[in-house]
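Here's the structure, in structure tokens; my notes come after.
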Amino acid sequence: MSSIIIAVYAVFCVSIFVFVNISMNRKKGVSIIEAHAEREAVKEAAAGQEPMLLEQEDSSSEQVLQSAATTALMEQAVEDVMEEVDAEKPSPAPKRTEKVRENVHTGEKPAANRALTLVILVIGMFVSLLNQTVIDTVVPTLINEFNVSATTAQWLTNGFMLVNGILVPISVYLVNTFTYRKLFLFAMLFFTAGSILCAAATNFSVMMTGRAIQAVGAGILMPIGSNIFLMLFPPGRRGVAMGLLGIALILAPAIGPTIAGWLIEHYTWNVMFYGMFILGLLIFFVAIRFFRLEQTLSKPRFDAIGAVASAIGLGTLLYGFSEAGSEGWDSAEVVSMLIVGTIGLIFFIVWELKAEKKLMDLTIFKIPAFSFTIVINVIITMSMFGGLLLLPIYLQNIRGFSAIDSGIILLPGSLLMGFMGPFAGRLFDRYGIRPLAVCGLLITTYCTYEFTHLSYDTPYSHIIGIYTLRSFGMSFLMMPMMTAGINSLKASQISDGTAAQSTLRSVAGSIGTAILITVMSRQSTFHAADYANEVTAANPVLYTSFTQNVQGLAAVAHVPAQTGATLETSLLYGQVMKISAIEGINDAFWVATIASAAALVLSLFLQSGKKRPAKK
């Protein structure tokens with residue numbers, strides 16, 4: 001039922017975009033016709049005049065255009081028409097599928113106002129990411145609250161990811177059609193509405209709907225945030241800028257589980273969503289007053305076929321990978337979803353390469369520097385989930401820590417990774433990507449390898465130290481690698497580049513999760529069977545130890561020897577299962593280590609020295 005809700009809601013969102021686009025194009029078409037008619041009238045009147053009169057006519061036209069441009073600051077419709085008229089001056093009007101202007105900051109607003117806008121943007125992205133991470137902590141509580149299974153409750157995370165992933169490719173169209181201010185307000189409005197719906201939910205369906213609405217806001221907010229930072233800063237300063245943005249992107253997942261655990265322990269789960277609602281509402285009203293960024297828009301036509309194809313392809317792929325870890329790769333549902341997703345994605349690629357109006361410019365993948373960084377970033381993302389996914393399982397399921405305690409153990413490394421962002425960005429601006437990537441991957445590969453030796457009594461200090469060092473290495477990789485890829489693109493391709501990076505990062509995260517969970521589960525089963533073959537009476541050491549423990553339990557508990565044997569067997573079985581689970585986690589970390597090592601080898605072929613500036 002939940003999957004049907006998600007699918008219907010995703011189609012609804014795409015339909016809304018199509019409807020809005022058609023409505024805008026109808027209104028815009030009338031304005032363009034009138035503008036062209038006025039332009040032709042001016043040309044005909046000027047055709048028979050002397051050169052002196054032509055100069056006067058040009059001067060008069062310029063005054064009219066300047067006056068209209070001033071009025072356009074207050075009326076968006078006039079602004080759209082003037083953009084079409086001005087585009088004809090230097091050359092014949094281009095096709096609507098081509099970008100007339102690039103989304104750049106005009107520099108007319110004071111620097112302080114721009115800084116305030118960036119602060120509002122970072123806070124909004126921080127709250128949105130915080131919302132994504134706190135849900136994992138509250139899921140066990142919601143299972144009991146709504147009386148649903150763990151698989152059903154997991155859709156609160158998977159459904160959010162699906163809607164988010166579907167909307168990211170559409171962000172290319174959105175940032176070229178609507179201003180950043182409108183998109184930010186729209187995203188925060190959806191996030192706030194979804195939060196209050198979750199807070200007031202009395203059943204799982206309402207909660208699921210609220211999460212889907214939140215995902216619409218997040219799916220719009222994250223790409224435009226990266227776009228704004230990349231467009232406002234020149235290539236030589238993007239490293240530091242993206243490092244500052246990385247503080248919000250990394251800090252929110254680091255502290256989210258701890259905050260959620262504390263709120264649940266002292267209050268109810270509703271308080272968490274009410275808090276999100278209040279924060280979102282405050283950001284929304286502050287943004288209405290202070291969020292100001294000027295830009296020009298290319299106003300492309302909406303590629304409805306490409307949007308539907310990407311929604312089907314990405315949606316089913318993400319769903320298939322998310323279910324593969326629990327259902328198995330040979331599950332009929334998983335196989336069918338992966339097949340449908342692959343076909344949909346292939347159709348999307350073929351369509352976008354041939355279509356006149358494009359949802360996303362896929363020719364950016366022909367740029368070697370961009371594609372190479374994408375490949376490395378995908379591998380890094382898959383490896384990174386080794387620490388984010390496997391360590392909490394080890395700490396909570398094997399060592400018996402609560403979600404709060406395990407979050408506190410991993411908190412120092414996550415905080416270090418976040419605050420290292422600006423420093424790593426400064427190094428990137430100065431030395432380029434290859435030195436940082438090689439150094440970061442050396443550290444990451446070594447630390448991931450260290451996690452292949454976990455045991456039942458591994459010291460906590462060792463876990464904290466290795467995870468913190470691993471996070472230090474990761475800080476040289478994520479944002480710098482993303483920035484290096486974007487710097488190889490033209491300014492007009494930045495929105496396409498950020499959308500491609502976000503989409504592939506989501507897919508890589510899903511694939512990485514599915515692979516690591518599969519390896520952990522299957523290897524745990526294998527090791528359990530292997531240990532079971534050794535736990536027999538034929539093993540003299542084990543038999544002697546087992547007999548002594550049975551006698552001890554019988555004496556202490558004052559029970560017959562047979563009851564003591566049953567207790568000892570149960571304890572022994574529990575120990576075998578825990579040891580097998582640890583071995584499975586270690587094997588999964590081996591896979592993550594191999595992935596990190598592969599990325600390390602590829603990083604040696606990155607362009608050395610400083611990065612090239614973006615093409616104009």
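Placed from the backbone N, Cα and C atoms, the Cβ positions cover glycine too.
The feature compositional bias 'Basic and acidic residues' is assigned by TrEMBL to 95-104.
Residues annotated as domain 'Major facilitator superfamily (MFS) profile' in TrEMBL: 117-611.
What TrEMBL records for 85-104 is region 'Disordered'.
Residues or ranges marked as transmembrane segment in TrEMBL: 6-24 (among others).
Here TrEMBL flags 155-176 (among others) as transmembrane segment.
For 183-206 (among others), the entry in TrEMBL reads transmembrane segment. Taking Cβ pairs closer than 8 Å, the transmembrane segment (183-206) reaches residues 1-2, 5, 120-121, 124, 127-128, 131, 142, 146, 148, 152-153, 174-175, 212-218, 220-221, 224, 270, 273-274, 276-277, 280-281, 283-284, 287-288, 291 in its own chain, all 6 or more past its ends.
Residues or ranges marked as transmembrane segment by TrEMBL: 212-233 (among others).
Within its own chain, the transmembrane segment (240-264) has Cβ neighbours under 8 Å at 122-123, 125-127, 129-130, 132-138, 141, 225-226, 229-230, 232-233, 271-272, 275, 388, 402-404, 407-408, 410-411, 414-415, 417-419, 421-426, 428-429, 478-480, 482-483, counting only residues six or more beyond its boundaries. Positions annotated as transmembrane segment by TrEMBL: 240-264 (among others).
According to TrEMBL, the transmembrane segment annotation covers 302-322 (among others).
Among the features that TrEMBL reports, transmembrane segment is placed at 334-353 (among others). Sequence-distant contacts of the transmembrane segment (334-353) (same chain, at least 6 residues past either end, Cβ-Cβ under 8 Å): 303, 305-306, 309-310, 312-321, 323-324, 327-328, 359-363.
Sequence annotations record features per position, and here TrEMBL assigns transmembrane segment to 374-395 (among others).
Feature annotation from TrEMBL assigns transmembrane segment to 401-419 (among others).
Cβ atoms under 8 Å from those of the transmembrane segment (431-451) belong to residues 373, 376, 380, 383, 386-387, 390-391, 424, 466-467, 469-470, 472-477, 480-481, 484, 586, 589, 592-593, 596-597, 599-600, 603-604, 606-611 of the same chain, restricted to positions at least 6 beyond its ends. Under the heading transmembrane segment, TrEMBL lists 431-451 (among others).
Residues annotated as transmembrane segment in TrEMBL: 463-482 (among others). Nonlocal intrachain contacts for the transmembrane segment (463-482), taken as residues 6+ away from its ends with a CB within less than 8 angstroms of a stretch CB, comprise 226, 239, 242-243, 245-246, 249-250, 373, 376-377, 380, 384, 387, 391, 395, 409-410, 412-414, 416-417, 420-421, 423-425, 427-428, 433, 436-437, 439-444, 447-448, 450-451, 501.
Residues or ranges marked as transmembrane segment in TrEMBL: 503-521 (among others).
The stretches the transmembrane segment (302-322) and the transmembrane segment (503-521) meet in space: the count of Cβ pairs below 8 angstroms, excluding pairs fewer than 6 apart in sequence, reaches at least three.
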